[in-house]
Amino acid sequence: MSSKDNTCPPPGPGHINGFHVPHYAFFFPHMLGGMSXTGGLPGVQHQPPLSGYSTPSPATIETQSTSSEEIVPSPPTPPPLPRIYKPCFVCQDKSSGYHYGVSACEGCKGFFRRSIQKNMVYTCHRDKNCIINKVTRNRCQYCRLQKCFEVGMSKESVRNDRNKKKKESPKPEAIESYILSPETQDLIEKVQKAHQETFPALCQLGKYTTSFSSEQRVSLDIDLWDKFSELSTKCIIKTVEFAKQLPGFTTLTIADQITLLKSACLDILILRICTRYTPDQDTMTFSDGLTLNRTQMHNAGFGPLTDLVFAFANQPVPLEMDDAETGLLSAICLICGDRQDLEQPDKVDKLQEPLLEALKIYVRTRRPQKPHMFPKMLMKITDLRTVSAKGAERVITLKMEIPGAMPLIQEMLENSEGLDTLGGGASSDAPVTPVAPGSCSPSLSPSSTHSSPSTHSP
């Protein structure tokens with residue numbers, strides 16, 4: 001039998017792969033490209049046979065007639081007109097759209113979202129009626145948040161937005177793996193080292209007590225006040241040294257370094273002294289070993305702030321924190337883009353992000369059975385700010401009650417010039433004495449060298 005006998009006859013002109021053309025030609029026009037000219041539809045010009053199927057270009061429209069085929073280009077689609085929004089209702093900057101119920105810029109949208117999600121508590125240092133515009137919006141967070149509420153921004157919109165995102169992108173219920181990357185491990189070690197070098201642990205101290213004002217509360221014991229003033233001054237110096245060792249801190253502008261140090265000084269002082277709390281004795285120990293009970297802390301100058309500080313110290317979270325966690329939480333308190341008057345808040349936020357991630361992974365690795373410990377630690381920042389706001393009020397009261405020169409802690413909280421010598425100055429191991437309002441404190445310069453290891457903070 002010849003090879004011709006083994007070859008199947010080609011399908012008829014009215015068939016394509018076994019299907020009758022009239023039934024499918026209009027549903028599968030691309031199949032027509034493989035047909036011969038004699039088997040096509042009448043009046044329609046066809047392309048030569050191609051290997052496989054050919055698809056008409058989407059850029060053309062085929063207009064069929066009984067005599068010819070015309071190729072007409074598609075008219076171009078005009079681009080949509082850009083939407084124009086009213087200026088930001090909060091600061092009058094250029095709006096990026098409607099956010100949380102009102103026309104707002106990206107800056108005010110992000111500020112409002114962070115404030116609500118983190119339950120931030122702000123304080124106005126003026127009359128609670130600051131002008132908020134594009135230029136002044138970062139100067140007073142309290143008034144900026146109030147302006148957000150006044151123009152109609154909604155808390156519920158922030159919460160609903162978070163819930164909506166959770167529903168739209170559900171995460172698998174598989175257990176997350178918290179493995180420290182080399183970069184995160186290195187960051188934790190650097191922060192822990194910075195903390196330990198500037199704040200010795202309670203077990204390293206030789207504790208001693210004093211009989212001054214140990215039994216009865218008085219308005220102020222001058223001897224204890226003098227001692228506390230000396231120790232708080234050393235604490236501030238050590239806080240500056242701690243900040244200088246944090247990765248990226250010295251890359252910020254000098255003005256932002258000053259702002260962050262002044263804003264977080266009292267937060268860190270309170271957090272640190274609370275980690276030296278001994279619950280069974282109800283005492284706190286300073287870095288030179290001085291141990292004071294609740295009554296003595298009151299008489300040393302804490303006054304009505306005393307019970308707030310002891311209540312914070314007696315919570316489970318501060319009692320369970322180790323050096324790495326205390327250091328990371330202190331760094332997060334310090335490097336915070338929500339502080340007022342920052343020149344580069346976005347850069348500060350970017351420096352804070354790896355610290356937050358490091359704390360989260362470290363806490364969950366250390367306590368796999370307590371998944372809520374990390375958010376509880378972050379909530380302590382809000383508590384700290386509440387206590388430190390009361391502390392700032394107490395400092396102002398003490399300034400009026402005690403005549404003469406101010407200790408450094410009062411200068412930092414009261415006088416905007418207290419840290420303005422950051423660009424240069426003496427070494428921080430130089431003797432520090434109380435300074436008068438309006439003078440500078442070269443010992444606090446983050447650009448200066450480290451102080452000697454023998455000087456400890458409270």
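Counting starts with 1 at the first residue shown.
Glycine residues also receive a Cβ, built from the backbone N, Cα and C atoms like all the rest.
Here Swiss-Prot flags 39-78 (among others) as region 'Disordered'.
Look at Swiss-Prot and you will find 88-108 (among others) tagged as zinc finger, backed by sequence analysis. Helix, strand and coil counts from DSSP across the zinc finger (88-108) read 3 helix, 6 strand, 12 coil.
The zinc finger annotation in Swiss-Prot covers 124-148 (among others), and the record cites sequence analysis as its basis. Counting only same-chain residues 6+ beyond the ends of the zinc finger (124-148), those with a CB under 8 A from a CB of the stretch are 90-93, 107-108, 111-112, 115, 338-342, 345.
Annotation source Swiss-Prot lists region 'Hinge' at 154-182.
Summarising the annotation, Swiss-Prot assigns motif '9aaTAD' to 407-415 and lists similarity to another entry as the type of evidence.
According to Swiss-Prot, the region 'Disordered' annotation covers 419-458 (among others).
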Could you tell me the mean pLDDT over the zinc finger (88-108), as a whole number? 88
Provide the three-state DSSP residue tally for the zinc finger (124-148): helix first, then strand, then coil. 8 helix, 0 strand, 17 coil
